[in-house]
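What Swiss-Prot records for this protein:
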type    : residues                                                       : note
BINDING : THR226, SER227, GLU228, GLU280, THR379                         : L-serine binding site
BINDING : ARG257, ARG258, GLU259, VAL273, GLU344, LEU345, THR346, SER347 : ATP binding site
MOD_RES : LYS329                                                         : N6-acetyllysine
Amino acid sequence: MIDLKLLRENPDAVRRSQLSRGEDPALVDALLTADAARRAVISTADSLRAEQKAASKSVGGASPEERPPLLRRAKELAEQVKAAEADEVEAEAAFTAAHLAISNVIVDGVPAGGEDDYAVLDVVGEPSYLENPKDHLELGESLGLIDMQRGAKVSGSRFYFLTGRGALLQLGLLQLALKLAVDNGFVPTIPPVLVRPEVMVGTGFLGAHAEEVYRVEGDGLYLVGTSEVPLAGYHSGEILDLSRGPLRYAGWSSCFRREAGSHGKDTRGIIRVHQFDKVEGFVYCTPADAEHEHERLLGWQRQMLARIEVPYRVIDVAAGDLGSSAARKFDCEAWIPTQGAYRELTSTSNCTTFQARRLATRYRDASGKPQIAATLNGTLATTRWLVAILENHQRPDGSVRVPDALVPFVGVEVLEPVA
């Protein structure tokens, strides 16, 4: 949720953010109206409750002759209070709906526009232009690493098995990411992958893209698409001690996405699948520290990308492609030779106070007063990275060189085609 103080004092800033995202600025006026209506209803109800309390006291001290009219008035006030409290509930519901409809206010400097309006911040390494390169699926099958056919037989399209050294490659990648996180002060976690609806709402995943989420019918739970969700809910309703700096967590989990809006996109291989594994960094900090923490998360992602030795670029994602919770997002995209394009391997988002406000996560400032915390998240490794590793390290004979950092996990320096 956005900050109501900002909304009331500078609604134009919120309107500009909405326009940069390509979203409706009229939602800002709708929230202002709902906010004013809610406050008016609360004021009326409070006045009636005070009058009812005074009337009740006067009845107790009245003489028998004075009591009948006072009792009638007390009864009238009780009915009015009941009606006013019903109005409060209705006004609160309308206000909450209007509040939830507005995306986070973007950070200054975020490019306006949609998916193609990003800004390139850095390019690392030279893209490889191989003669007749094989794609990751052809390589994965010939090397005995990926089995899409049996994945589809067991579970349907966009499912797969990682087998043999394919499984070791992914496990090694995730262990490498977790070690990097722990070495930098992250607390390792293996979180639940089924969460309550209020946690999904709190993180912003039941908004415009709710159709991407798997729901477990009958249990009222949702499968997460990232461990950002349970980690954001981890401290919901709590007051944190941030006096010694940010709290950092690394979540290792399976992730699930319906890919409902991706019909016909990336149907080959493991670029876009329904289930994958990921190590996600998550940070709680003060709002003043959020931008610095965002840069640090990006730095750790870049360290991981250096370890898998692939060319990549860093982009500043445009406002219309941020998602509702992020105020700014950096993506790292690796070069994929067979596509002749960069594809996303990591995202890191500064969600400012948007998620924490929804989830009632606070900290105490220097004076001891509770304030809304800031939250950030960032990918440290995921299954899709295998695509970049296989394609960028393939050799003319069909083998693939294992990046040096992953050799201890995989057990060989070169992945050879299986008979």
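Even glycines carry a Cβ here, placed using N, Cα and C.
Positions of Swiss-Prot features highlighted on the structure.
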residue: THR226; record: L-serine binding site; contacts (Cβ under 8 Å, 6+ apart): SER253, CYS255, LYS278, GLU280, ASN377
residue: SER227; record: L-serine binding site; contacts (Cβ under 8 Å, 6+ apart): THR189, PRO191, VAL193, GLY251, TRP252, SER253, CYS255, LYS278, GLU280, PHE282
residue: ARG257; record: ATP binding site; contacts (Cβ under 8 Å, 6+ apart): GLU212, VAL213, TYR214, GLY225, VAL273, HIS274
residue: GLU259; record: ATP binding site; contacts (Cβ under 8 Å, 6+ apart): ARG158, GLU212, ARG272, VAL273, HIS274
residue: LYS329; record: N6-acetyllysine; contacts (Cβ under 8 Å, 6+ apart): ASP316, VAL317, ASP321, LEU322, GLY323, SER347, THR348, SER349, ASN350
residue: GLU344; record: ATP binding site; contacts (Cβ under 8 Å, 6+ apart): ASP331, CYS332, GLU333, ARG384
residue: LEU345; record: ATP binding site; contacts (Cβ under 8 Å, 6+ apart): LEU305, TYR312, CYS332, GLU333, ALA334, THR379, THR382, ARG384, TRP385, ALA388
residue: THR346; record: ATP binding site; contacts (Cβ under 8 Å, 6+ apart): GLN301, MET304, LEU305, ASP331, CYS332, GLY378, THR379, LEU380, THR382
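Within 10 Å of the Cβ of GLU228 (L-serine binding site) there are 30 other Cβ atoms, across all protein chains. Geometry remark: ARG258 (ATP binding site) versus GLU228 (L-serine binding site), CA distance 17 Å. In this structure, GLU228 (L-serine binding site) is part of a helix by DSSP.
Same-chain residues with CB within 8 A of the center of the THR226, SER227, GLU228, GLU280, THR379 CB atoms, the L-serine site residues themselves not counted, are VAL229, LEU231, GLY251, SER253, CYS255, LYS278, VAL279, GLY281, PHE282, ASN377, GLY378.
Taking the Cβ of THR379 (L-serine binding site) as centre and 10 Å as the limit, one finds 25 other Cβ atoms among all the protein chains shown. For the recorded site, ARG257 (ATP binding site), the DSSP three-state label reads coil. When secondary structure is read from DSSP and collapsed to three states, VAL273 (ATP binding site) falls in the coil class. When the binding-site residues ARG258, VAL273, GLU280, SER347 are compared by the number of other CB atoms within 10 angstroms of each CB, ARG258 has the fewest. The residue listed as 'N6-acetyllysine' falls within a strand when secondary structure is assigned with DSSP.
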